[in-house]
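Feature list (source: TrEMBL):
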type: SIGNAL; residues: 1-21; note: signal peptide
type: TRANSMEM; residues: 59-79; note: transmembrane segment
type: TRANSMEM; residues: 91-114; note: transmembrane segment
type: TRANSMEM; residues: 134-163; note: transmembrane segment
type: TRANSMEM; residues: 170-189; note: transmembrane segment
type: TRANSMEM; residues: 241-259; note: transmembrane segment
type: TRANSMEM; residues: 271-291; note: transmembrane segment
type: TRANSMEM; residues: 297-315; note: transmembrane segment
type: TRANSMEM; residues: 335-353; note: transmembrane segment
Amino acid sequence: MFLLLLLRALPLPLFDEAADGQLVRWDVLHFLAIARDGHLYEHHWAFLPALPALLRNAGVLPVASLVTILSIDAFRVLYELSEVTLGSKDLAWITTLLALLPSSPVTLFVAPYNEPFFTYLSYRGMLYSARSQYLKASIAFALASCFRSNGVFLAGFIIWGLLIQSKPRFSSAVYATVLSALVFAPFVYHNYSGYVSFCVENPQRPEWCNKIIPSIYTHVQSEYWDNGLFKYWTLQQLPNILIALPPLFLFYVFGFWHLKAVYARSESPFASITLTPHVLHALFTSSLLLFASNTQITLRLAASMPTLYWAAAWLWTHPSKDGKGFQYRSWGKVWVYWSAIWGFISIVLWAAFLPPA
């Protein structure tokens with residue numbers, strides 16, 4: 001945190017001199033434009049309205065201060081979630097310590113970005129789900145969906161708890177459907193608003209208006225951000241894909257180990273069935289990021305999935321086959337070194353307005 005505050009004050013030369021202030025970089029420029037003029041242009045619809053609304057009503061510095069406050073409280077929520085999920089205070093403590101080294105510290109701790117709000121609300125909803133407080137969970141997940149579209153996938157935790165973890169009943173299915181609809185509502189309304197703006201009473205209707213499911217969000221992500229199956233896999237984007245591989249690799253290695261360990265009825269706390277919905281969510285999101293999205297977004301989004309830090313804690317505490325624990329612990333150290341080094345580099349790149357963001 002000290003490094004973040006220090007680098008905010010450094011007069012680093014900017015790649016883009018149009019930036020106004022140390023906190024205004026990359027997507028923040030879009031958020032401020034939407035806060036000022038609304039979703040005026042088609043490409044603005046890639047961003048959901050919650051953060052621009054906060055910036056419009058409060059301003060950059062107050063929102064950045066709120067980001068820092070929520071990020072601090074997120075550690076407490078993560079600790080509680082880890083204790084409930086792993087059944088160990090020691091592992092919860094290790095997990096929380098590892099979370100101090102995210103792969104995108106600026107956008108998680110300081111900058112007025114979507115990710116701090118999304119991460120905090122995701123943790124909250126996951127904790128409520130773990131405690132079977134599904135109405136509270138759906139509200140937290142719905143609020144998360146106001147910041148990022150992938151918040152709709154968080155409904156899976158409610159479905160898991162009501163229909164898979166416990167014996168499914170008709171009343172549970174109805175309840176899960178209603179709560180999931182609440183989680184989907186912000187994203188659906190965002191697309192509906194875009195449809196009304198561009199497709200209703202418009203003699204020059206865009207082509208996407210005529211699709212079976214006329215989603216402006218899907219259109220904009222494909223048209224302006226090259227989202228789509230393998231669309232991002234170009235030689236030009238290879239560096240962005242490579243820098244995102246460490247967290248993706250950790251997600252996959254731990255995810256498949258966990259599923260195998262659950263099947264084998266391992267007694268490891270990391271093989272608990274309570275982790276399974278988190279692992280499935282992380283594997284699905286990782287695959288989406290790797291194969292159909294701007295892959296470097298993984299660096300910002302990974303922190304919203306506690307599976308990342310549980311996987312790192314697994315490396316630190318899981319014994320290797322010879323019982324000495326050296327092999328896993330060594331990879332755990334590699335993860336910590338990479339997180340610290342890349343985290344520092346990302347701060348400098350952000351301060352100089354250089355990619356990735």
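Using the three backbone atoms N, Cα and C, a Cβ is placed for every residue, glycine included.
The transmembrane segment (134-163) shares the most Cβ pairs under 8 Å with 271-291, out of the stretches 91-114, 241-259, 271-291.
If one looks beyond the transmembrane segment (297-315) by at least 6 residues along the same chain, the residues whose Cβ comes under 8 Å of a Cβ in the stretch are 78, 81-82, 85-86, 91, 94-96, 98-99, 102-104, 107-108, 113, 115, 118-119, 122-123, 126, 148, 150, 243-244, 247-248, 250-251, 253-255, 257, 270, 275, 278-279, 281-282, 285-286, 289-290, 328-329, 331-332, 335-336, 342, 346, 356-357. Nonlocal intrachain contacts for the transmembrane segment (59-79), taken as residues 6+ away from its ends with a CB within less than 8 angstroms of a stretch CB, comprise 21, 23-24, 28, 32, 51, 92-93, 95-96, 99-100, 108-113, 116-117, 119-120, 123-124, 127, 306, 309. Nonlocal intrachain contacts for the transmembrane segment (91-114), taken as residues 6+ away from its ends with a CB within less than 8 angstroms of a stretch CB, comprise 1, 4, 8, 23, 25, 27-28, 31, 47-48, 50-51, 54-55, 60, 63-64, 67-68, 71, 75, 78-80, 82-83, 147-148, 246-247, 269, 298-300, 302-303, 306, 309-310, 312-313, 316-317, 336, 339-340, 342-343, 346-347, 350, 357.
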